[in-house]
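Pulled from TrEMBL:
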type: SIGNAL; residues: 1-21; note: signal peptide
type: DOMAIN; residues: 26-104; note: domain 'Inhibitor I9'
type: DOMAIN; residues: 139-622; note: domain 'Peptidase S8/S53'
type: ACT_SITE; residues: Asp148; note: active site, charge relay system
type: COMPBIAS; residues: 213-222; note: compositional bias 'Basic and acidic residues'
type: REGION; residues: 213-233; note: region 'Disordered'
type: ACT_SITE; residues: His221; note: active site, charge relay system
type: DOMAIN; residues: 388-480; note: domain 'PA'
type: ACT_SITE; residues: Ser565; note: active site, charge relay system
type: DOMAIN; residues: 672-772; note: domain 'Subtilisin-like protease fibronectin type-III'
Amino acid sequence: MNSFSTFTLLLLLLLPILASCHEKQVYIVYFGGHNGERALHEIEENHHSYLLSVKESEEDARSSLIYSYKHSINGFAALLTPQEASKLSELEEVVSVYKSEPRKYSLHTTRSWEFSGVEESVAPNSLRKDDLLLKARYGKDVIIGVLDSGLWPESKSFSDEGMGPIPKSWKGICQSGDAFNSSNCNKKIIGARYYIKGYEHYYGPLNRTLDYRSPRDKDGHGTHTSSTAGGKMVPNVSSIGGFASGTASGGAPLARLAMYKVCWAIPREGKEDGNTCFDEDMLAAMDDAIADGVDVISISIGTKEPQPFDQDSIAIGALHAMKKNIVVACSAGNSGPAPSTLSNTAPWIITVGASSVDRTFLSPVVLGNGKKFMGQTVTPYKLKKKMYPLVYAGEVINSNVTKDLAGQCLPGSLLPKKAKGKIVFCLRGNGTRVGKGGEVKKAGGIGYIIGNSKANGAELAADAHLLPATAVDYKSAMQILNYINSTKSPVAYIVPGKTVLHSKPAPYMASFTSRGPSAVAPDILKPDITAPGLNILAAWSGGSSPTKLDIDDRVVEYNIISGTSMSCPHVGGAAALLKAIHPTWSSAAIRSALITSAGLTNNVGKQITDASGKPADPFQFGGGHFRPSKASDPGLVYDASYQDYLLFLCASGVKDLDKSFKCPKKSHSPRDLNYPSLAIPHLNGTVTVSRRLTNVGAPKSVYFASAKPPLGFSVEISPPVLSFKHVDSKRTFTITVKARSDMMDSILKDQYVFGWYSWNDGIHNVRSPMAVKLA
């Protein structure tokens, strides 16, 4: 046989093996929860036996296992072919088998607490007796677990000075790795772990120049979120350039922090474009966090596409956390302003949107025609006070840039000979804001103006650019563009930025915040609440620059960034304070207290608007802007148990998320869940739902119902008066919603309309939003 024939035969023999190797991917095999007490090694052996049933050998079964979830979550992540996964999914005891999708999850990237009514800038001896922080003892001994990109332990925000011994309930560890060991944990950071098996299986061994193979943060995001939730009070801090100076503090400054690093840098991509977080790594982290003894979990991670509950690792992990009475707060996502863009919509999660605070970083643009347009920036760089040539990016581009991307300052798009020494005007769209500024700097531009697209409206994100720069709203951007196009030699000057407090109106909704209705569960109104997420100052990693750009070698201790990633830990911190005051409250009670006490008005006394000044609605802000002080004494709560959520899942068509629970024969509606809000996506005639209230206020109290019906509908609450004889007593009522026959012509069939219903005892106003759409 000649060598060619031998090679061909060898190739034919190897092809099936090569094909099966190529086909193998990581799948999560989920059984539900653990029933009964079994040793950890017994659970792992049980998982091995399932793998052995579909694998050729014991060795293959053992080597294919990536994680065995052994504490609260029962399941495993393993390397399987589609055929093996399919075979396992047919087993009666298996709830779901789903593929780990790379890039499915990503991170949702001081004054905010003060603005939200949690005053930390007051000296301790001048605090009022009823002050929330004092009542909550600053969150003392509450443990907040954070799933993110790690943390920078040397930050002053993580100092344990003056903190007592670690709570006895804590069972976690401080895991060693690159530039991180047990000495990096203290009485503030009491736990730190990292999860990388899923990431490394897909991308190969971690490039140690990109990230630390340890809980240490080389990105900045995890340091920012964890310090926002539970960082210590640190006086006299600011971002680069001295912006936002003051005291930085987390919501619960004496809470303990545990970091679960699950998000990692993507090879061959800029850090400014974000990280990735794998299903199997996050499930392992949540399984450990529950066993470690955390009280609150803050997760600023989500999906671009909504996921069904039985294939959503965050939803599955959060359900097991809720069973152990752990509060889970998650970011809504940054895919706004389009509708139905929310992630993390499970009703056992607090889903958080993003809004502004009353602080701006003003940096106007002055044009050669004398016109001035207000912008915002936190760049430390300034121009000499004179006019500079101004050019639109679309006029100084390489010939290979397409027309639709011409003005967006994307990588390699600008011609240095035409941009050098000029202020370059770029438009938002594709690419990152800081990346566009980086391109202008590379091309020799002396300054940079970034103009909003129509979708971004008047929302201005302030960035620590690499050159003198400012951001302007859509209307200003169009006028600047008109000036450039109508002037022979356009010129401009960027006025250096300054911090301005008490700006009005505030809060307003960030345009990037993802919106409802929920694509997965339209009968649950989401998001639940909004909190500060625009231009937030918090601690930063010493291993990352303020922009995360490769060409940026600056190092900062505190940084200003934006995203629902920033709003989520605000609610995580608030939940920790409520846990400290009410340790026996369920996670549903805490979520209810936050939703029903939230605020609807801005600091000029009008309804909260979107970034363009139009009235915002509950699909942007849920119950409203969070008010932690009000939430600590809500009067009444809408409570819900683990079984209530399983009934909700049955009604939603997810029958077996817990194999030990049998769905009732009589089907419920998903909207029967005792939730602190109401969504009716297909109203046909009349809908009546019941709700149950628990008294957590004064022992003897009487509440009166009121409603602001959605336009074109009537709302009847029965009974209209509820009396409670003691604390923890419960009362049930019904809400009947129907379309008004006299207004049928004014109701748009494909559009939601919004209203409210409330219970009031003269002290508490327990308000719930509602969203209704005709069938």
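Using the three backbone atoms N, Cα and C, a Cβ is placed for every residue, glycine included.
Curation does not apply to TrEMBL; its annotations are automatic.
Keep in mind that this is a model prediction, so the values were computed, not measured.
Using a Cβ-Cβ cut-off under 8 Å and counting only residues 6 or more beyond its ends in the same chain, the compositional bias 'Basic and acidic residues' (213-222) has close neighbours at 107, 109, 146, 148-153, 175-180, 184, 192-194, 196, 206, 259, 261, 263, 265, 271, 275, 300, 540-541, 543-544, 546, 548, 559, 561, 565. Within the same chain, residues at least six positions away from Ser565 (active site, charge relay system) with a Cβ under 8 Å of its Cβ are Leu107, His108, Thr109, His221, His224, Thr225, Ser300, Ser331, Asn334, Gly533. Mean pLDDT for the domain 'Inhibitor I9' (26-104) in this predicted model: 94.
Mapped onto DSSP helix, strand and coil, the compositional bias 'Basic and acidic residues' (213-222) counts 2 helix, 1 strand, 7 coil. Long-range neighbours of Asp148 (active site, charge relay system) (same chain, six or more residues apart, CB within less than 8 Å of its CB): Leu107, Asp217, His221, Gly222, Thr225, Ser226, Met259, Tyr260, Lys261, Val262, Cys263, Ile299, Ser300, Ile301.
Residue counts for the domain 'Inhibitor I9' (26-104) under DSSP, helix first, then strand, then coil, are 28 helix, 25 strand, 26 coil. Cβ neighbours within 10 Å of His221 (active site, charge relay system), excluding its own Cβ and spanning all shown chains: 29. Broken down with DSSP, the domain 'Subtilisin-like protease fibronectin type-III' (672-772) shows 7 helix, 60 strand, 34 coil. Remark: secondary structure over the domain 'PA' (388-480) totals 27 helix, 21 strand, 45 coil, with classes taken from DSSP.
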